[in-house]
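Taken verbatim from TrEMBL:
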DOMAIN    66-314  domain 'Radical SAM core'
BINDING   Cys80, Cys84, Cys87  [4Fe-4S] cluster binding site
BINDING   Phe86, Glu191  S-adenosyl-L-methionine binding site
BINDING   Ser329  (3R)-3-methyl-D-ornithine binding site
Amino acid sequence: MTTTIPHPPLLPKTPWLRTLFEAIISGERLSEEHALQLLLLKDDEDLQALWSLADQVRKQRVGDVVYYSSTLYLYPTNFCTYNCTFCSFYAKPGDPKGWYYTPEQLLEQIAQVHNPITEVHIVAGCTPSCDLHYYTKLFSLIKHAYPDVHIKALTAIEYAYLESLHNIPIKEILTILKEAGLDSIPGGGAEILVDKVRDLLAPGRISSARYLEIHKTAHELGIPTNSIMLCYHRETPEDIVTHLKLLRELQDETRGFKNFVILKFANINNALGRRLKKLGVPHAIPPRSLMAVSRLFLDNFLNLKAMWNYLGIEEALHMLSCGANDLSSTHQGEKVFEMASLGYPVKLDIEGMANLIQKQGRIPCLTNSKNV
């Protein structure tokens, strides 16, 4: 998708960069080579110009509205057959830190929430106790009790596990769960769509191609999905560009991705985090440049999220001026990040998020994953 946009207020210092910006402004699609060059920018003036251009592209494509949602996270279990090096969430059988909730218990968790919610976000460990029957019952119970609540549930990893557990094709599993109430699918399990990196993070999990295939199948069934990119672990700048390229190619084909989300690896309480303290991260790309290049490269995505809980509120707000148009959600009951970090220094409710957005001179819009 190419669209002519107004000239950005800031011009880069470097001559070749001015030429590239002019091409982008005229509607040229950003190439992989140029995306990599933008990620590697270090000059302060050039960086400011890059972020400014991404902000102008955002404004032209989606305006000044900033979306946010009131989300309740539900975790049926953290018992898991996998042993991912970056995960602080999982527990092995017999671990006293593990838990398991029945569908009825999870429904009660929703009933106990005092703040209004627009969606539930459901993910879990991969274990036989949470099978297709379990999720069919859970989604049906939620939709019956709360028909207006959007159900965003299960990552591609979990769908692949259900396929192997039941020996049923992914398409059939998704069809059954859609009929039970599934509205959309989160982007978890992507991390970085480069298999050599994925093998370091989570040996034995699905490949990049399989992840994309599952999302494509969901799109073909009319189930929208999110896409993510997990950064600051073992990925290189080249890996980042490959990841973005694969997402853009699938979006060209299906138009099924609703959101793109950049996540910052939380390095507490997991094996990879301990390892990185010795090895370091392969790059020092500013988070704002990740967002800016994503906005410019993913020209077929409208909604780019800045996850304040992963990035910190200050950095997330900065990203609203570098291409982002979504501040994510209230994250009620969120555990995956909390268990991989030192917890949340602050809590945000609906009013707090709206106030933050307004202070940035933008227009807050409460929504859910369906209506973005």
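Cβ atoms are placed via backbone N, Cα and C, with glycine included.
Because TrEMBL annotations are produced automatically, they should be read as predictions rather than curated entries.
For Cys80 ([4Fe-4S] cluster binding site), the number of other Cβ atoms no farther than 10 Å from its own Cβ, over all displayed protein chains, is 22.
Using a 10 Å radius centred on the Cβ of Glu191 (S-adenosyl-L-methionine binding site) and all shown protein chains, the other Cβ atoms total 28.
Straight-line distance linking the Cα atoms of Ser329 ((3R)-3-methyl-D-ornithine binding site) and Glu191 (S-adenosyl-L-methionine binding site), rounded to a whole number, equals 20 Å. Following the DSSP three-state reduction, the secondary structure of Cys80 ([4Fe-4S] cluster binding site) is coil. Reported as a whole number, the C-alpha separation between Cys80 ([4Fe-4S] cluster binding site) and Glu191 (S-adenosyl-L-methionine binding site) equals 18 Å. Around the Cβ of the residue listed as '(3R)-3-methyl-D-ornithine binding site', 29 further Cβ atoms fall within 10 Å across all displayed protein chains. In the three-state DSSP reading, Ser329 ((3R)-3-methyl-D-ornithine binding site) counts as strand.
For the domain 'Radical SAM core' (66-314), the model's pLDDT averages out at 90.
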